[in-house]
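Quick look at what TrEMBL lists:
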type	residues	note
TRANSMEM	20-38	transmembrane segment
TRANSMEM	45-68	transmembrane segment
TRANSMEM	88-111	transmembrane segment
TRANSMEM	118-142	transmembrane segment
TRANSMEM	148-168	transmembrane segment
TRANSMEM	175-193	transmembrane segment
TRANSMEM	199-220	transmembrane segment
Amino acid sequence: MRILHSIKYDIMSQYKNGIYFVYSFISIIYILVLQLIPNNFTNSALVFLIFSDPTFLGFFFVGAMVLLERNQGIPLALFITPLTLEEYIISKCISLSLISVIVSLIITFTVKGAEFNIILLTSVVLVNSIIFTLIGLITGMYSKTLNHYFLIATLVGVVIAIPLLNYFKVTSFRPFNLFPTYIAIALIEGAIYKSEINIIYFLISIIWAIVLYDLAKVILRNKFV
């Protein structure tokens with residue numbers, strides 16, 4: 001299948017560009033930090049670290065990867081082949097989401113053993129990673145250089161982090177609770193603490209992923225096709 005070959009290509013490209021090394025290094029740092037902090041803060045720190053891993057690393061990585069591919073003319077070359085635009089986007093989402101899920105599970109298992117909701121954490125990290133990979137993909141389409149991308153990505157990152165003010169009780173603006181950042185950290189907290197979850201939040205996350213996927217298709221089609 002074309003999609004499998006595309007995913008394999010993306011994984012190999014990520015490996016060659018050092019993304020796996022970066023994820024491994026950061027994972028080790030996270031684990032060491034979690035081992036050093038007091039036990040009563042471990043779960044809270046774990047929630048935030050698991051949230052930040054798929055959200056911000058995937059978000060920054062995919063934009064840089066797409067920009068590099070654009071400069072090399074790879075997307076245009078790919079679209080001459082039978083590979084579709086949809087497969088190109090899905091491949092990026094799956095390849096980066098796999099890393100995020102694996103890293104998140106390794107970190108959580110190392111710290112908590114099996115004392116967490118594995119299915120929920122896997123599902124949340126997967127959907128969350130897809131969402132922010134798509135945001136990074138879209139952001140990358142409007143960047144001309146890596147420096148330009150990181151500038152735009154930083155601004156976008158600040159904006160999408162604003163709803164977290166609700167999570168930290170700084171604000172109580174209810175619409176913030178519908179944003180993917182707030183939903184993601186709330187669901188990750190539920191998975192880590194094995195507490196009751198709001199299924200509506202998970203459904204809203206899926207809706208965000210679908211909307212961003214459709215938006216990414218429109219933007220990439222205008223840029224490349």
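The backbone N, Cα and C atoms fix where each Cβ goes, and this holds for glycine too.
When each of 20-38, 45-68, 88-111, 148-168, 199-220 is checked for Cβ pairs under 8 Å to the transmembrane segment (118-142), 45-68 comes out on top. Remote same-chain residues near the transmembrane segment (20-38) are listed as 14, 45-46, 49, 53, 57, 99, 103, 106-107, 110-111 (criterion: CB distance under 8 Å, separation of at least six residues from the stretch ends). Packing against the transmembrane segment (175-193) from elsewhere in the chain are residues 43, 46-48, 50-51, 55, 108, 112, 116-117, 120-121, 124-125, 128, 131-132, 160-167, 201-202, 204-205, 208: each is 6 or more residues past its ends and has a CB under 8 Å from a CB in it. Looking at 88-111, 148-168, 199-220, the range that has the most CB pairs within less than 8 A of the transmembrane segment (45-68) turns out to be 88-111. Long-range contacts of the transmembrane segment (88-111) within the same chain, counting only residues at least 6 positions beyond its ends with a Cβ under 8 Å from a Cβ of the stretch, are 3, 6-7, 9-11, 14, 19-20, 23, 26-27, 30-31, 34-35, 42, 46, 49-50, 53-54, 57-58, 61-62, 65-66, 75, 78-79, 118, 121-122, 125-126, 128-130, 133-134, 137, 192, 213, 216-217, 220.
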